[in-house]
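The domain 'AB hydrolase-1' annotation in TrEMBL covers 93-343. Marked as active site, nucleophile by TrEMBL: S158. The active site feature in TrEMBL is assigned to D313, H342.
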Amino acid sequence: MLMPLLRNGIPKPISKIRARFSTASSIAGRKSYKLFSLGDFSLCEGATLRDAKLAYKTYGSLNAQGDNAIVYPTWFSGRHWDNEWLIGSDMGLDPSKYFIIVPNMLGNGLSTSPSNSAPPYDKARFPNVRVQDNVRAQHKLVTEEFGIQTLKLVLGWSMGAGQTFQWAVSYPKMVERILPFCGSARTSPHNQVFLEGVKAALASDDAFQSGWYNQLPTKGLRAAARVYAGWGFSQAFYWNETWRELGFSSLEDFLVGYWEGFFLDDRDPNNLLAMLWTWKNGNVGLTPGFDGSLERALASIQAKAIVMPAEKDLYFPPEDEEYETSFMPNAKLRIIPGVWGHFAGTGLNPVDAKFIDDAVKELLNS
C-alpha cells in the first residue's frame with residue numbers, strides 16, 4: 001500500500017489504482033497548470049469578478065479537425081490532479097486519442113477564489129457563483145483559447161456531474177455525449193440539509209472569525225471532516241469495515257487519517273463555503289429559457305448520455321437520477337453497484353473505477 005505524504009505532512013493511504021499518477025500528482029505536477037483570463041466576468045447573481053482567472057490543465061493534443069476534445073470539470077474541493085485517476089493510455093480517456101481539458105471550479109483555490117482574490121471581493125466577501133457561471137467560464141476557455149466548436153464528451157463526478165448536466169443544457173448543439181456520475185442536475189432538499197451541516201461545522205471554529213481569519217481554522221475543518229465522513233461512504237461500507245482496504249487500522253484511524261487528512265490538504269474554509277453555495281443552489285432549470293423547470297431543461301438535452309449514480313450514494317441516490325434521466329431523450333441509467341457510496345466515483349477501488357471506465361469507453365465508441 002502506498003503511503004505518500006500530503007503537503008502538510010499527513011499520511012494518506014490510497015489504493016494502488018492511483019499509483020500510476022504518483023508523478024503527475026507530485027507537488028511539481030500539481031503546479032503545472034495554466035491560467036485563462038476571463039477578464040471582468042459577470043456572475044448570474046449580479047456581481048462581477050474583475051480580472052478573473054480559470055485554472056486548467058490539458059492532457060493529450062487537439063487534432064487538426066478539432067473534434068477530439070473532452071471536458072472533465074473538477075468537484076467540490078477537488079483540483080485538476082484529483083481527476084487524473086480516470087485518465088491514462090489504457091483507459092477511455094486516453095491522451096493519445098483525445099484532448100482532455102480539466103478546468104478547475106471557481107472557488108477551488110486555483111481558479112479565482114476567496115483565498116486568492118484581491119479586496120473587496122476577498123475572503124468572506126467573495127460573491128456567490130452558480131454552476132451556470134462555471135460552465136460559461138469553461139465555454140469561454142474551450143472556444144476562445146482553443147477554438148473548439150464541438151465536444152466529444154463532457155463528464156464529471158459529484159459537482160463535476162452537475163457541471164456536466166449544465167454543459168448539455170447550456171450548449172446542446174456543442175456537446176455530443178455526457179457521462180455524469182454520482183451527481184445530479186438539481187440539488188435535492190436532503191442534500192441541502194447535509195450541506196448546512198458542513199457549513200455550520202466550518203463556521204463553528206472561533207478562529208473562523210466570520211471568514212476573516214489570518215490563520216487556518218483547523219478545528220472547523222476537522223469538524224467538517226467528521227460531518228462528511230457519515231455521508232461520503234455508505235452504511236454498508238462502515239458495517240463491513242471496508243476502510244481496511246484503504247490501509248487503515250481502526251475506524252478512528254480512518255476518521256483522522258483519511259477524512260481529517262482530506263480536509264487539511266490545503267483546503268481553505270472560505271473556498272469550501274463558496275463552492276458549497278454553488279453546490280447547494282445547483283439547478284439546470286434556472287438556465288435562461290426554462291422558467292425554473294428542471295424537467296424542461298433536461299428534455300432539451302440532445303447529447304447521448306449514460307447517467308451513473310452509485311447504488312448507496314447518500315447525497316445523490318439512484319432514485320433521484322432515475323427521475324432526472326426519465327426526461328432526457330437519449331439517456332441510459334446505469335447504477336454503480338457496491339458499498340462505496342458517493343465515493344465510488346473517486347477511483348479509490350479498482351472495481352468501481354473499471355465500471356466507470358468501461359462506460360466511458362462504451363459512450364465514446366457509440
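Yeah, the Cβs are placed from backbone N, Cα and C, and that goes for glycine too.
TrEMBL: automatically predicted annotations, no manual curation.
Residues near D313 (active site) in space but far in sequence (CB under 8 A, at least 6 apart, same chain), listed by position: C182, S234, G341, H342, A344. A simple way to gauge crowding: the CB of H342 (active site) has 23 other CB atoms within 10 angstroms, across all the protein chains here. Within the same chain, residues at least 6 positions away in sequence whose Cβ sits under 8 Å from that of the residue listed as 'active site, nucleophile' are W75, F76, G78, C182, G183, Y315, F316, H342, G345.
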